[in-house]
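Participant: First the structure, then my questions, so here it is.
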Amino acid sequence: MGMATYAVVDLETTGNQLDFDDIIQIGITFVRNNQIIDTYHSMIRTNLEIPPFIQALTSIEENMLQQAPYFNQVAQEIYDKIKDCIFVAHNVDFDLNFIKKAFKDCNIQYRPKKVIDTLEIFKIAFPTDKSYQLSELAEAHGITLANAHRADEDAATTAKLMILAFEKFEKLPLDTLKQLYYLSKQLKYDLYDIFFEMVRQYDAKPLDKSYEKFEQIIYRKQVDFKKPTTNYNGSLKSLYSKAVDQLGLTYRPQQLYLAETILDQLMHSEKAMIEASLGSGKSLAYLLAALMYNIETGKHVMISTNTKLLQSQLLEKDIPAMNEALNFKINALLIKSKSDYISLGLISQILKDDTSNYEVNILKMQLLIWITETPSGDIQELNLKGGQKMYFDQKIETYVPARHDVHYYNFIKRNAQNIQIGITNHAHLIHSDVENSIYQLFDDCIVDEAHRLPDYALNQVTNELSYADIKYQLGLIGKNENEKLLKAIDQLEKQRILEKLDIAPIDIFGLKASMNEIHELNEQLFSTIFTIINDSDVYDDDIHRFHNVFTFETKDILKDLHAIIDKLNKTLEIFNGISHKTVKSLRKQLLYLKDKFKNIEQSLKAGHTSFISIKNLSQKSTIRLYVKDYAVKDVLTKQVLEKFKSLIFISGTLKFNHSFEAFKQLFNKDVHFNTFEVNTSLQSAKNTSVFIPSDVASYQYKNIDEYVASIVSYIIEYTTITSSKCLVLFTSYKMMHMVQDMLNELPEFEDYVVLTQQQNQNYKIVQQFNNFDKAILLGTSTFFEGFDFQANGIKCVMIAKLPFMNKHNAKYWLMDSEFTSTFKEYVLPDAVTRFRQGLGRLIRNENDRGIIVSFDDRLINSNYKNFFEQTLENYRQKKGDIQQFGKLLRQIQKKKK
């Protein structure tokens, strides 16, 4: 890191408008030689009002600035401290531009010689982090950040993380460090100087034995699993007793009963359905059952979960805790398909790719560091998104395996016999094919959160043709000899001529003409689809914010598909008899496109269920064509039911109408299931009230203003009485945003933070919601499950409408052919399940107290009300107007105290 001094700066401001907002706090942490050597901190007075959101975010109130200096009073002092330093900040543009503007207003010209963005550093140094938000980085790396969004603490935390990153860089093998230096020249800021100094000062030594080398890549040596050591002669009951005692948990007979039930089903190779509701301790129960089964039989068990979060919890928290508590060494491993694991040949190809793109360059640097760390080579560890993911997926699709390639999937296969517990998720479980030998090694499977299986199966059987994807894939080939793969082919042809390579001549001009025609044919195809949309009945899917066309003629689409497939075939003929690796890459890309079009063509010809989706009705580029290739029931039967000798489905919401029959109907094979119900140990009836307003008008689709106003009135009543946070669940974005707009205009919510669901931001929003004392979270179907609501006071969940999927929802359309009565057999059970999941957001432990408000009068007035009423049997129910609602809140508040 050298002897340079780094000024790590963080600012808090009244907003993000450079020309209108002011700095209200500055924190600077000075770093030299990987040590914090000094700090500076000051509140900054402003004549502007501090918005309520900023006050809530920073905990800085206007009275705290009354004795603080204005910036012009400390500007020279700050400038003198940082003028010779390397300027560092997290998301550096924001802080640098604000401080330069503030200096300029004081007639000080500040131009740092070097600038470092820690967002850039942390993406490279910590490639597997799920988020690069400062608070989440701090938590992930064990750094205490008590008051996020306070400049002094944020600056210190950023500095500590930067030191961690630099120390990590310095420990890397020299060859890796050199490659990082060369790649860093393409970054936005001055990180290349840092890498240069690290390379220059590197203490040369032989490559550590924990590493191996493939071509130019240094990677972590793979260490095979040892056979498991779990010598145990006792019963499951004694194993359970020891586990809960060592883990400091409460001994719960129902949890033991659940574990014993699972073990019994495994031992007898049975198929079972178990509804184990909230509080039954499913995870520990099935882990102990799987472990005991392995001890007694030597067989290993596959556990499939719904989310990556639960996967991580099992592998990184629950199983290590069990190992420590029981003094065992349980071999557990994440199991996926071959395409989910990296090969070093693929990384080598990516590093050699001359694509000039900032995100791709960051990805290359991330790969170099990640491969020195990862024991598994699981690509999802990288959490790729956006352009990086599209680029990476394309590279996988077109990768031609290198000779002597090192593929991490082979390591997983080699060690599968020594695995006691395999962890996977529903998507991989359903996606795995017959040739996937890892899954074939498991005879027994436990499926947690089994009620979600149909959704993953539907995704699996639905094929998609997207304008954006095809345009991107074609762009990777290029239109002329100066672009992408065409450029590589052009260079190969020149090399053939100059060096007299032993390959056939390549018709570059013919290839270029063919590619231009393919581009034009693709435009014609999507123009045809665009015309169909404009001439058809279009239905809004408000949940997913798309417009759908369900009924349309496919004749013109098939004509265009045939033309583009024919042209792709003729283009592929250009490369007949040529086996050079550059040609193979282009052929593979063309074959990928051909297969994409061909699969859609075959499905449409066969009359499979299809629909067209468009995000923006005026933009052809947002079109997607979907075709359902197989029945969900067929896939669930083949990929799940028939794959294992013993199979146990577990969920808190597996039953409908007091029966498991609805779930059984998801399989098209008549198989006997043993069924069990494990009641929760939480006394939800004592803790939870369900309030059904009697003064809210019935929902009217064409006029929802009155309905929305009623919801807002109840939110006001709740927050006024309790000053607590509230989760409001909607079935449409339209209604959610109407409520949001009204809340933001009302003075009652000036000291509240109103958070709204945003695409790809759910994790961040949930964290914010749980951190604020006064917050209202507005969300749609995503938040009906899998969301841990944390609050110190009363907890409240308001359900705007019962969670029925709209008749014009794509799921409804795609599943319609699989049921005699789609509403009764699919839509109604799905709505009841989601409603039950929504109720489950409230009471997460024995100490929780709260209230559920359901505004939809169909809960008590519809023909199917009894199905929902069954879900409320364990809750105290109350009907009344808003005054009675307030009275109930005061009673609950009194009990909470």
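Cβ atoms here come from the backbone N, Cα and C positions, even for glycine.
Pasting the feature list from Swiss-Prot:
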type	residues	note
DOMAIN	8-161	domain 'Exonuclease'
DOMAIN	241-496	domain 'Helicase ATP-binding'
BINDING	Ala276, Ser277, Leu278, Gly279, Ser280, Gly281, Lys282, Ser283	ATP binding site
MOTIF	448-451	motif 'DEAH box'
DOMAIN	703-893	domain 'Helicase C-terminal'
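Map the listed features onto the structure and describe their local environment.
Facilitator: Regional average pLDDT for the domain 'Helicase ATP-binding' (241-496) in the model is 90.
Its Cβ placed at the centre, Ser277 (ATP binding site) has 22 other Cβ atoms within 10 Å. According to DSSP, Ser277 (ATP binding site) is assigned to coil rather than to any helix or strand.
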Participant: Using DSSP, what is the helix/strand/coil residue split across the motif 'DEAH box' (448-451)?
Facilitator: 2 helix, 0 strand, 2 coil
Participant: Which one of these binding-site residues, Ser280, Ser283, has the sparsest Cβ neighbourhood, judged by other Cβ atoms within 10 angstroms?
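Facilitator: Selected from the binding-site residues Ser280, Ser283 on minimum Cβ neighbours within 10 Å: Ser283.
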Participant: Count the other Cβ atoms sitting within 10 Å of the Cβ of Lys282 (ATP binding site), across every protein chain shown.
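Facilitator: A count of 23.
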Participant: Report the same-chain neighbours of Ala276 (ATP binding site): residues 6+ apart in sequence with Cβ closer than 8 Å to its Cβ, ordered by sequence.
Facilitator: Leu258, Lys282, Ala285, Ile650, Ser651, Gly652, Glu677, Val678
Participant: If H, G and I count as helix, E and B as strand, and all else as coil, what does DSSP give for Lys282 (ATP binding site)?
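Facilitator: Helix, per DSSP.
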Participant: Which residues in the same chain, at least 6 apart in sequence, have a Cβ under 8 Å from the Cβ of Gly281 (ATP binding site)?
Facilitator: Leu249, Arg252, Gln254, Gln255, Leu258
